[in-house]
Amino acid sequence: MAGGRRKRQHFGRIHAFSCGRASFNGEHSLIGGPGFSRIVFCNDPECFEAGQLKYGGNYVRTTKYTLATYFPKALFEQFRRVANIYFLICAILSFTALSPYSAYSTVFPLVVVVGVTMGKEAVEDWRRKRQDIEMNNRKVKYHRGDGVFDYAKWMDLKVGDVVKVEKDEFFPADLILLSSSYDDAICYVETTNLDGETNLKLKQALDVTANLLDDSRFENFRAIIKCEDPNANLYSFVGNLQLEEQQFPLTPQQLLLRDSKLRNTDYIYGVVIFTGHDTKVIQNSTAPPSKRSKIERRMDKLVYLLFSALVFLSFIGSVFFGITTSKDLENGVMTRWYLRPDDTTIYYDPKRAPVAAILHFLTALMLYGYLIPISLYVSIEIVKVLQSVFINQDPHMYYEEGDKPARARTSNLNEELGQVDTILSDKTGTLTCNSMEFIKCSIAGTAYGHGITEVERALARGKETPLAQEVVEDEDNVEEINETKPSIKGYNFIDERITNGNWVNEPRADVIQNFLRLLAACHTAIPEVDDETGKISYEAESPDEAAFVIGARELGFEFYERTQTSISLHELDPMSGRKVARTYKLMNIIEFSSARKRMSVIVRNEEGRLLLLSKGADSVMFERLAQDGREFEVQTRLHINEYADAGLRTLVLAYRELDEEEYNEFNEEFSQAKNLVSADREEIIEEVAERIEKDLILLGATAVEDKLQNGVPECIDKLAQAGIKLWVLTGDKMETAINIGFACSLLRQGMKQIIINSETPGIRALEKAGDKSAVDEAAKANVIQQISEGKALLNVASEDSEALALIIDGKSLIYALEDDVKDMFLELAIGCASVICCRSSPKQKALVTRLVKVKTGSTTLAIGDGANDVGMLQEADIGVGISGVEGMQAVMSSDIAIAQFRFLERLLLVHGHWCYRRISFMICYFFYKNIAFGFTLFFFEAYASFSGEAAYNDWYLSLYNVFFTSLPVIAMGVFDQDVAARFCLKFPLLYQEGVQNVLFSWTRILGWAFNGVLSSTLIFFFCACAMEHQAFRKGGEVVGMEIFGAVMYTCVVWVVNCQMALSINYFTLIQHVFIWGSIVFWYIFLLVYGAMDPNISTTAYQVFIEACAPALSFWLVTLFVTVATLLPYFSYAAIQMRFFPMYHQMIQWIRNDGHSEDPEYCQMVRQRSLRSTTLHVDILNLDFKKFMFSFPFPLLSNQTEDLHC
């Protein structure tokens, strides 16, 4: 509102910014040159100069098509498929005399199939269009003129417009921050949609614009911004603002990016510099890599194979046709006089037999085209979409707490979910909750906190350590205490020695006081007070930091207010035993970075003393301790190692007092470094900080637990039983990663560990010497040696059927991924049951994923929750995003989104197995039914001397794939289940049918093709023998071609639909309706079509009413041919089921025989075919002889590898 009151708060120096006084150097000298040519006329977008620049509008389109491009682009997409191009050529040729059937009957099925697929594309694009409409029509306040702000749609904004964004609103374009509701013109921004990070970023405007406090101030505001051209770099920006003939440098600190959200700030004013597709977020929105499943790629090969068969059959027929035609007229004598070879067209001219053979070849290519399943692609797309709907609506994968269902973001990879061989997983936020709890601490060399971690529980189950032995005794007591006290998010600390103010009675209460004060003051969190309850919550940059502040509050040091220059605490006074308010003047904050691994604050207490408070990783903090500050170092190191063994994340806390002279010198250097605008700014800041962060006095260490998500150990256990390998790629240090591995069942007691570590004494000595090339050479040799030793151990373990685990750190991984080493590394890794890569960078995660995918050729699945996992997700065959607390970047880059890691079990073992089985059978069945149909045409052609005459009516041919046989296979692809969901989970090894591709192997495909050829052979010759010479009508006439075609077509429809009925494992009402309805629909069609005018129905005119229906032989032949044709398959299936059952058939047997609840039967079935690289190798010692003699059918043990018994 114009003239609204300004919120007087002072947070401007939380990060020690000194914006507005930055100096010009470095990249700012490039402004005006190539790549830095953008000019923005602030608050004057309609001026003549701005109009000449012709910048794009703020309308954003994410759709694939527009109204103008939909038809050409969609048609192009459809005719990129070879099969569709073939049918298009056939449709064009059908208008010529070469066609064996009418043009309309050829064009109709092509139009239906292409139309349905284009309709699906249109529906999907319309959904994207609705999202665009919602986004572009959002409202924001903009300066209309005369100091008045009014609402405008996002899409109507122009470069140069001044906008007012209010709390919790998204920025409509890329803006330069001019001012805000806070002093020093700062604001807080959430960038979850950009980088996946949930922590708030602090932005600050230039001093020169900070006085634009309300709407009316913009009436006469004019300025010019010159800056870089649109680009995709989210973290850099170079420009300057020209105001009143002065220039001021602009940095990323003033840049507010589109799709970021304004948080903890009432409002900001900003000027639009990039709009629409020029904004950085849109510049970063690259199309995800195109992924196709292995089954789909093999299906393409099958289509090519059928094309080859089609050409071969056409060639054979043409050769025979040419030879026969050439003999029709020899020396004036007509062999087949009834064809009048002396007076015929070029198509049957004996004098030009080679030309006639070539033309016949073209006719045959069209006639045998029904070998190619025209509706295969569209049917599979429909099925996959419906399968995705079932995945999305599965209540067992719905996370109620976060109201998040599973979401299949693409349906292309459904069957790939059933073939995953290796899972590559992030840890934090994926296996764990990324919700930290303050659980233990070490203060003055004394360990505090009795909380039991999940790692400790895992250790207590089998690992003998002092810490583990205490768990069994303490767990019951801890649970009793937990039941009596209310749960506090971020706090799970139990120790009566220092809780409830009891720390004042401890021997080193002074150290504890300093420790808790440091926890409460050394951070960048922001307190938020609930107006109704008065409770304080904290907005922190990380879950760890929030846990520290909450822990300090619960132990008596409550952080309750922050201003620009101060931090206020409610401290427990050890003298009076009461809470007192104390305010510390905030002098500087030295921020945390991954390179520094620590953060510090400098404060002045009420007594005027300057204190440096610091916390960081033990690897950098211990070396910064003063000689007289190491009193508790030995005990603290011991406790830190114990905490790491318990899977906890640790930080070391230390402080020191500064003198005024030292601080003043530091502050001057630090301010100068902060004001630099150059490439090496961060390095200079770190150098200055190094000089002050020294001679510290150790206070102790904190330990927070990133709790495992519910069900993670059980899920990993089940996936291991399914034969799926799990690799964990984490940034944690090795000790923590190993112990988390034990907690989540990735590692087990007794499992041998192969550890590849670059931290050897020799390498450390070379590092100290500073010889980088020697370090690299020695480190690489060390890695190669350890890999070789691991492979030797692997060979021994394989002989003893022992499972191994490989653990490698980030430095070693650098060398292991080099071209001359990576094959050795991969050979070792794939032989292990579990692999943990520690200290992995995002790039390393992606490289490891690519290595496994490319070199093994097996299906990989990557799962993660953060922006640092995006490369890994896109590199894997399947990317699964966890919609957790790390933002939506991983989800937006994933193929499938789930809320919890445990849902992966059901996604793979149930939906993955079902989808793989359904799609595999669906494709095999499609080829079967088309071969069965197409070869009857070929046999009739041979019977008719390859004359090019079709055995069936034109519309019989056209509607075979579209109506009479397509719906049952779609129903099967959506509903069929070989075993129920509970059996998929009860017998996880069933999943190996997909991993080993048992159901879509070339043997199985060729078996179905043989079944199709056999069926067509039996149908044709039984029909021909039964009806060729037999009187059919009452008058004694034998059948004509129209009756023979109708009878044979009826037999084909019955056989292929009954074949479907025999193959289905799980009948639903829909499947019954589609199977038997397709057969009934054929009779209805024959009746209705035959009743039409003869010019329309041609050879089908009254064929059913007058000829077929009254003839008993029609019904008998149909029954006999159907039974006789299906008998070979039925016999094979019965023998195979009885004597050579596959794994899923074994489960069906025990279910049907009522043994599904018998532990002995279930255990035996569950353990068949386990590989030594799974985690449950120990059960291979079971006595299978008893199983083999007690099972209800013979078991052939030499077929285990193919998952037969």
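From the backbone N, Cα and C atoms, a Cβ is placed for every residue, glycine too.
In the structure as shown, the Cβ atom of D426 (active site, 4-aspartylphosphate intermediate) sits within 10 Å of 28 other Cβ atoms. Annotation source TrEMBL lists active site, 4-aspartylphosphate intermediate at D426.
Per TrEMBL, ATP binding site is recorded for D426, K427, T428, E545, F592, K615, R649, T730, G731, D732, R839, K845, N868, D869. A 10 Å cutoff on Cβ-Cβ distances gives T428 (ATP binding site) a total of 22 other Cβ atoms nearby, all chains included.
The domain 'P-type ATPase C-terminal' annotation in TrEMBL covers 891-1141.
Taken from TrEMBL, the feature transmembrane segment applies to 83-101 (among others).
Annotation comment: TrEMBL describes 107-123 (among others) as transmembrane segment.
The transmembrane segment annotation in TrEMBL covers 302-323 (among others). Same-chain residues lying 6+ beyond the ends of the transmembrane segment (302-323) with a Cβ under 8 Å from its Cβ atoms: 82-83, 86, 353-354, 356-358, 360-361, 364-365, 368-369, 371-372, 376, 923, 927, 930-931, 934, 938, 941-942, 945-948, 1005.
The list of residues near the transmembrane segment (357-378) in space but at least 6 beyond its ends in sequence, with Cβ under 8 angstroms from a Cβ of it, reads 81, 83-84, 86-87, 90, 93-94, 98-101, 106, 109-110, 113, 116-117, 120, 299, 303, 306-307, 309-311, 313-315, 317-319, 321-322, 325, 346-347, 923, 926-927, 929-931, 933-935, 937-938, 941, 946, 948, 950, 957, 960-962, 966. As annotated by TrEMBL, transmembrane segment applies to 357-378 (among others).
The transmembrane segment annotation in TrEMBL covers 926-943 (among others). Here the transmembrane segment (926-943) has long-range neighbours at 302, 306, 310, 313, 317, 320, 364, 367-368, 370-373, 376, 379, 949-952, 960-961, 965, 969, 1005, 1008-1009, 1011-1013, 1015-1017, 1019-1021, 1024, 1048, 1052, 1055-1056, 1059, meaning same-chain residues at least 6 beyond its ends whose C-beta is under 8 angstroms from one of its own.
Feature annotation from TrEMBL assigns transmembrane segment to 955-975 (among others).
The feature transmembrane segment is assigned by TrEMBL to 1005-1027 (among others). Outside the transmembrane segment (1005-1027) by six or more residues, the chain places 302, 924-925, 927-936, 938-940, 943, 1038-1039, 1043-1044, 1047-1048, 1051-1052, 1055-1056, 1059, 1113, 1117, 1120-1121, 1124-1125, 1128-1129 with a CB less than 8 A from a CB of the stretch.
Residues or ranges marked as transmembrane segment in TrEMBL: 1039-1057 (among others). Listed by sequence, the residues of this chain that lie at least six past the ends of the transmembrane segment (1039-1057) yet keep a Cβ under 8 A from its Cβ atoms are 928-929, 932-933, 936, 940, 949, 951-953, 956, 960, 964-965, 968, 1015-1016, 1019-1020, 1022-1024, 1027-1028, 1030, 1032, 1075-1076, 1078-1079, 1082, 1086, 1099-1100, 1103-1104, 1107-1108, 1114, 1117-1118, 1121-1122, 1125-1126.
Remote same-chain partners of the transmembrane segment (1069-1092), defined as residues 6 or more beyond its termini with a Cβ less than 8 Å from a stretch Cβ, comprise 955, 959, 963-965, 967-968, 970-972, 975-976, 1046, 1049-1050, 1053-1054, 1057, 1060-1061, 1100-1105, 1108. According to TrEMBL, the transmembrane segment annotation covers 1069-1092 (among others).
Sequence annotations record features per position, and here TrEMBL assigns transmembrane segment to 1112-1135 (among others).
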Mean of pLDDT values spanning the domain 'P-type ATPase C-terminal' (891-1141): 90
Integer Cα-Cα distance in angstrom, R649 (ATP binding site) to D426 (active site, 4-aspartylphosphate intermediate): 16
Site extent for ATP, whole Å (max Cα pair distance, D426, K427, T428, E545, F592, K615, R649, T730, G731, D732, R839, K845, N868, D869): 29
Cα within 10 Å of D426 (active site, 4-aspartylphosphate intermediate) - qualifying binding-site residues among F592, G731, R839: G731
Tertiary contacts of the transmembrane segment (107-123) (same chain, 6+ residues out, Cβ under 8 Å): 64-65, 70, 74-75, 77-78, 84, 87-88, 91, 94, 374-375, 377-378, 381-382, 385, 958-959, 961-962
Binding-site residues compared (F592, R649, R839, N868) - highest count of Cβ atoms within 10 Å: N868
List of residues, in chain order, with Cβ under 8 A from that of G731 (ATP binding site) and at least 6 apart: K427, T428, C838, R839, S840, S841
